[in-house]
Amino acid sequence: MVLTIRGVLSHTASQGASVHSGLRPVWLHQLPHFRPSFFGSSRPLIAAALRSSHTSRALQQVRAQSSSNGAQHNGSGEYDFDLFTIGAGSGGVRAARWAASNYGIKAAICEMPFARKASDVAGGAGGTCVLRGCVPKKLMVYGGEFGQAFKDSVGFGWDAEVPGITWQRLMENKNKELDRLNGVYMKLLDSAGVEYIEGRGKVVDAHTVEVNGQKYTAKNILIAVGGRATKLPIPGAEHAIISDDILDLPELPKKLAIVGGGYIALEFAGIYNNFGAETHVVYRQPLPLRGFDEEVRKFVAEQYELHGLNLHPEATPTEIKKGPDGKLTLISESKQHGKVVLEGLDQVLLATGRKPNTRNLGCEEAGVELDEKSGAVKVDEYSRTSVPSIYAVGDVTDRVNLTPVALMEGMAFAKHVFGGDPEGKPDYEYIPSAVFSSPPIANVGLTEEEAVEQYKNVDIFTSSYKPMKNTLSGNEGRGFMKILVAADTDTVVGVHLIGPETAEIIQGFAVAVKMGVSKSMMDTVVGVHPSSAEELVTMRTPTRQVRDKALVPA
């Protein structure tokens, strides 16, 4: 006979089950669950990201084990904490706060001392996004946009010349805001009753964490240590900087090179170009933004060159040299031009990727499986590792490395483990994202290439337009919009935007796409006029059509 216990914490359930010694308890999070999907399979990119975490045989065995929120430690069942979180970034803080404030558990979180540049001994509450990622980057995006705005204002009657920038003032004001946000995160943890322990955490075993030589026991451990920028293994790499550094430069560089063609590289290229620096972008692919929609990639490259950026595609960096005057030289091998030498550089930014922060974390010694190639923590669909009482969320798992995704994973973990929610697992379907480049990019759903592969019959709607703001300013920048529709069902499966305010526009359309909106339904919506967003509901005729994966002749 089976006793199913719902709506209580597992330790309470175990007490109730023990009263009925002849009954076998079944934990709520072990019950099978079936959720119908309105969208079919997940987008291939998300699926690929999940496959990269390699759900192993050990993880499959963990799913079948009865864990009661973590097996008993030394048979005593007594721990210092119900939850100990390593890493006070977005995912870790969300999980600890939610679990402590909503389920009354005893929680602790550890983080290294606050610093604007991460290291083996420095970090800070707020993590990468708040302290050395999304937030300071977006502040600098805003700062750079004023440069273009001053130029554009002439066409609207303003006579003022483009003023200079006091770089040190920007850095000081930006750093004050980061200090404030670090304090906000500390207060949020305190108000939720989460004990904050400063220092580097290390997993000792299934229920023990060590911080600065002090050991703490916990029924559940959550690893949320994020990732770290990496450098290319080329001669002279020590002269280059990473994303942490470029957010806190003492002086505005007059000339810099950025190595990499991903979103981080393009964002900083746009920022420093808008601040007036001569900016070069060197990348190995024919186009930047690998993995994005091919048409979007081409359009962005054209717009970057239009705005004065120097792009060097299909070029592989081989060496960085530093001269006696402190200036840098970046040497690359290009398929198009042979050897490319960029001299007189004030800075070289290596934006060539990030790596999960699992070094010296104690995972392997504690039995937590890591991906052999990336070093990411392997987890199942509930963010559980190969050790039943240890979980991981955020960039350290290398699933979908976005701050809102880490927040979602942290919330799902807390609801599942402490709230008994059988549906408490992250949902990676139709995640919107934005690149704060110049111009900005936003998207949700499939690329054209993915849509054709998945649905075979696809209608593609596109529009290239000149924003109204640019009609008087003389700014030659253009916008671009694209809608992908599964033709057999009339379902919108992808939206891609380039241009001003696209990050703000995509959020609302992401809701519609996730709910399974049809193209015919979008066509009934009245546009907001005059606006760029109205373009999305006025594209009525397909630009091109694909049937059985082949382009239909015009």
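Cβ coordinates come from backbone N, Cα and C, glycine included.
Site annotation (TrEMBL, ligand NAD(+)) includes Gly260, Gly261, Gly262, Tyr263, Ile264, Ala265, Leu266, Glu267; from Gly183, Gly344, Gly353, the additional listed residue is Gly353. Checking Cys110, Cys134 against TrEMBL, the residue bonded to Cys129 by a disulphide is Cys134. Cys134 (disulfide bond) and Gly353 (NAD(+) binding site) have their C-alpha atoms 15 Å apart, to the nearest angstrom. Here the binding-site residues are Gly262, Gly353, and the one with the most other Cβ atoms within 10 Å of its Cβ is Gly262. Of the chain residues outside the NAD(+) site list Gly260, Gly261, Gly262, Tyr263, Ile264, Ala265, Leu266, Glu267, Gly353, Ile258, Phe268, Pro288, Leu289, Ala351 have their Cβ within 8 Å of the site's Cβ mean position. Helix, strand and coil residue tallies for the domain 'Pyridine nucleotide-disulphide oxidoreductase dimerisation' (431-539), in that order: 36 helix, 33 strand, 40 coil [DSSP]. When the recorded positions Lys138, His529 are compared by the number of other CB atoms within 10 angstroms of each CB, His529 has the fewest.
The secondary structure of Gly353 (NAD(+) binding site), as reduced to three states from DSSP, is coil rather than helix or strand. Within the model, the domain 'FAD/NAD(P)-binding' (82-410) shows a mean pLDDT value of 96, rounded to a whole number.
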